[in-house]
Amino acid sequence: MGKNVVVLGTQWGDEGKGKIVDLLTDKVAAVVRFQGGHNAGHTLVIEGKKTALHLIPSGILRQDVQCLIGNGVVLSPEALLKEVRELEANGVAVRDRLKISLACPIILRTHVRIDQARERARGNDKIGTTGRGIGPAYEDKVSRRGVRLGDLCNPADFEIKLREIMSYHNFVLTEYFKEEAEDIDAALEELRQMGEEILPMAADVTDILHDYRKRGEHILFEGAQGSLLDIDLGTYPYVTSSNTTAGGTATGSGFGPLYLDYVLGITKAYTTRVGSGPFPTELFDDMGKHLAVKGNEVGTTTGRSRRCGWFDAVALRHAIQINSVSGICLTKLDVLDGLETVKVCIGYKTPNGEITRPPIGCDSYSDIEPVYEELPGWSESTVGLTSVDQLPENAKAYIRFLEEQIEAPIDIISTGPDRVETITLRHPFGE
């Protein structure tokens, strides 16, 4: 009987999901993206060779795996075709192994323009978006005026819808932001041409998923960004525009929640965040710089440096609860190698006393101070270890302490970027 596993980030993104998805795909028939867009960034290292993916599921590097993009993903045709061509240039077959939901909203040129204009207008109060049109595309989806991939199947109707929505966007650009209008005719022709390449890959992804389920195949659902960036449950308004938590799996793919068997939460051994927003354990000293340099903390999608801090057990307990996490994969343990001591945030100090759950709303974070537990570090290297018995005793103690604090088992430990640099204590697919 097949198992259906969700892999998602439990911090603010960049937890190392791509490697773990790639690691687990040797067991699956299909890998599915269910939310976000090309604002995601997954770097895979296979036998020393790096591959960066933003939209196509990480399973594409496994030749027998079907890759699916669900209806919850907002689709940039340009980004999709660029990624397809780059993979093909490296000898990876894509077009016969990738299926994209006909219900995917399309990201238009004007979505990108509006996204970037808004960020400029916010000045110092910017959200920190990637500027790729993700948010405006989701807005149009919710407002029921967006165009979807399936609309390209009817060119006449598509033109009517596109002219209507881009006229509205141009009004916003010219009248509110005082910027130049976008050429609708040029956008229409460009989308028609790209549609000719993309439509052969379009399909009813929900139906395909349930066919795999009925055949008893393993399916893996690949989350993007991180749980603390969820539009509803994250540090609003410094969040992304989609549901990055486990609930988004069902709505973004049409695969009912009762069919999901295991939720794997990916978590760094410390904490990072890109862009603006609350970050209670952020370090502004040499230790923060050390983590950033040793962890190579630069965003795959944006190229921006990530903010770094100690492990936040308070935030992680929240993420585990809202996702019904079955087990944790701890990544980048090796970044902590060589430190005399390591710290874990176990609570937040507020003017009204200590709390052990994150507050709701960003304003409540302004008076928060982290409460730390300090543990002894380890001088030995953990890089490339494949057995828990090989770990230094203090590293084992650190892992046990984290499990106690977050109230969840650590089932996988990543000890390096390559798929083979992994310690598996309990396999999500039970194998």
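Using the three backbone atoms N, Cα and C, a Cβ is placed for every residue, glycine included.
Swiss-Prot lists ASP14 with the feature active site, proton acceptor, giving sequence analysis as the kind of evidence.
Look at Swiss-Prot and you will find HIS42 tagged as active site, proton donor, backed by sequence analysis. In the three-state DSSP reading, HIS42 (active site, proton donor) counts as strand.
If you draw a 10 Å sphere around the CB of LEU333 (GTP binding site), it holds 24 other CB atoms from the protein chains shown. According to Swiss-Prot, the GTP binding site annotation covers 13-19, 41-43, ARG306, 332-334, 414-416, on the basis of sequence analysis.
Here Swiss-Prot flags ASP14, GLY41 as Mg(2+) binding site. Every protein chain shown contributes to the tally, and the Cβ of ASP14 (active site, proton acceptor) ends up with 28 other Cβ atoms within 10 Å. Look at ASP14 (active site, proton acceptor): DSSP puts it in coil.
ASN39 (IMP binding site) is surrounded by 26 other CB atoms, counting those within 10 A of its CB over all protein chains shown. For ASP14, GLU15, GLY16, LYS17, ASN39, ALA40, GLY41, HIS42, THR130, ARG144, GLN225, THR240, ARG304, the entry in Swiss-Prot reads IMP binding site, with the evidence type sequence analysis.
Residues or ranges marked as substrate binding site in Swiss-Prot (evidence: sequence analysis): THR300, THR301, THR302, GLY303, ARG304, SER305, ARG306. Mapped onto three states, the DSSP output places ARG306 (substrate binding site) in coil.
For the pair formed by GLN225 (IMP binding site) and GLY16 (GTP binding site), distance between Cα atoms is given as 10 Å, rounded to the nearest Å. Applying an 8 A CB threshold to same-chain residues 6+ apart, the list for GLY13 (GTP binding site) reads ALA224, GLN225, GLY226, LEU229, ARG273, VAL274. According to its DSSP assignment, LYS19 (GTP binding site) is helical. Among the residues ASP14, GLU15, GLY16, LYS17, ASN39, ALA40, GLY41, HIS42, THR130, ARG144, GLN225, THR240, ARG304 said to bind IMP, no two Cα atoms are farther apart than 34 Å.
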